[in-house]
Amino acid sequence: MADRAALEDLVRVQGERVRGLKQQKASAEQIEEEVAKLLKLKAQLGPDEGKPKFVLKTPKGTRDYSPRQMAVREKVFDVIISCFKRHGAEVIDTPVFELKETLTGKYGEDSKLIYDLKDQGGELLSLRYDLTVPFARYLAMNKLTNIKRYHIAKVYRRDNPAMTRGRYREFYQCDFDIAGQFDPMLPDAECLKIMCEILSSLQIGDFLVKVNDRRILDGMFAICGVSDSKFRTICSSVDKLDKVSWEEVKNEMVGEKGLAPEVADRIGDYVQQHGGVSLVEQLLQDPKLSQNKQALEGLGDLKLLFEYLTLFGIADKISFDLSLARGLDYYTGVIYEAVLLQPPARAGEEPLGVGSVAAGGRYDGLVGMFDPKGRKVPCVGLSIGVERIFSIVEQRLEALEEKVRTTETQVLVASAQKKLLEERLKLISELWDAGIKAELLYKKNPKLLNQLQYCEETGIPLVAIIGEQELKDGVIKLRSVASREEVDVRREDLVEEIKRRTSQPLCIC
């Protein structure tokens, strides 16, 4: 064992020597020679049977976030949260796992994506799949009949991740919901307004919000000849129309789900239509659809919704799309999904949707599923797809090679001469106590050039420089890193001057 320990020490020392030569940019021959010695020592060491071998990686469908990525993330969250608060929302939180029975049967075909936890002593638990079902459980448990709330937290899905497109197994959802009995379509219109405000503020590109209604879908399926038992499974097929062609969807409905071809054709006549309020009015005159009570109610509400959206100034961002089916079982009324648009390849073509970045809808029956007496609390809400938004913002910043500040430090406390550590510590303490975000270098006598370089590397905008002359005069030299301009500021005025110079709001990205 002693021989092995001695060899390990030699390997460590030789490894440090190789790293040192690389840092010093030594000649390739010299580095090569030392690397050869290192490999020889490692060969003598042989494999260590006692050491467990493991791969350092994050689990599939998850990721770490660097300070740069977190800085972008926090700015995106700030935009979203400020919008939620502007519309009068309160904030809640719920456990990351729920009783398995709470989540079971709420997500249709997606229920297979729920993470079940191992039984830890009597309770069968699952990681939350979204924030909506826990919210409904929270309302029922606390006997709440109205609330306007937002909730930002991680959710978990055993999905096939596509991380370059912002699809993960662990990811954040940003939800806003209005619960309570109100006049038709007013809360629904506000949810759509919030969605448009957030996506416009984030400046991630042109977007379109597709709108439909589950009652219209169910009415359409009924008049086309779909049996009640097949409504949900056909719904999930129709929902794929934004990703695949009608022919592929039809083949799935007929070949895999046993729908008669003529029924599929009748569905195809409807689900390939999209437009604005004029399409709503056209369908209100449809001889078959207008005879279905559910569809008629849905169309009437959509007509009213478009009136409110026009008053909110966002009707041009909304498209009534009969193919939007939103697969979750709990939706009962209006449903919507925002997609980013890719500019058309050729003039005259329609812009292409390149992925969903927000979605939501009305779910009037979900709370009643948890209430012992079945009391319903009407709810409508939206969820912002922040992971996809982060991916888009990150890609854009990389393409622009834009620098992102990872701290909010306003000023670096620096010294121009040696033996001024005590004065630096006194000054930075004064600044911290006054609420100023400040840093200093952890060296007794740092060179002024090194301190200024640190500010340039990290984006700190100001340097408060202490020197012997400044101490005698009762001033601090305040330097702008960008312009290199220096001014003497009386020590008692320093806090206000720093605040004045750094009060500009930060941009999103």
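Using the three backbone atoms N, Cα and C, a Cβ is placed for every residue, glycine included.
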222-249, 390-417, 446-473 - the one TrEMBL records as coiled coil:
390-417
Near the coiled coil (390-417) in space but 6 or more residues beyond its ends, with Cβ under 8 Å, are 67-73, 76, 164-166, 202, 204-205, 340, 357, 423-424, 427-428, 431, 436-441, 445-446, 448, 451-452, 454-455, 458-468, 470, 477, 498, 502, 506, 508-509
Assuming the binding residues for L-histidine are exactly those in the record, ASP130, LEU131, THR132, ARG157, GLN173, ASP177, ARG326, TYR330, TYR331, what is the maximum CA-CA distance in angstrom, rounded?
21
Along the domain 'WHEP-TRS' (3-59), what average pLDDT does this model show?
82
Provide the three-state DSSP residue tally for the domain 'WHEP-TRS' (3-59): helix first, then strand, then coil.
39 helix, 0 strand, 18 coil
Ranked by how many other Cβ atoms lie within 10 Å of their Cβ, the binding-site residues THR132, GLN173 are led by THR132
Chain-internal residues near ARG326 (L-histidine binding site), provided their CB is under 8 angstroms and they sit 6+ positions away
ASN212, ARG214, ASP239, ILE335, GLU337, ALA359, GLY361
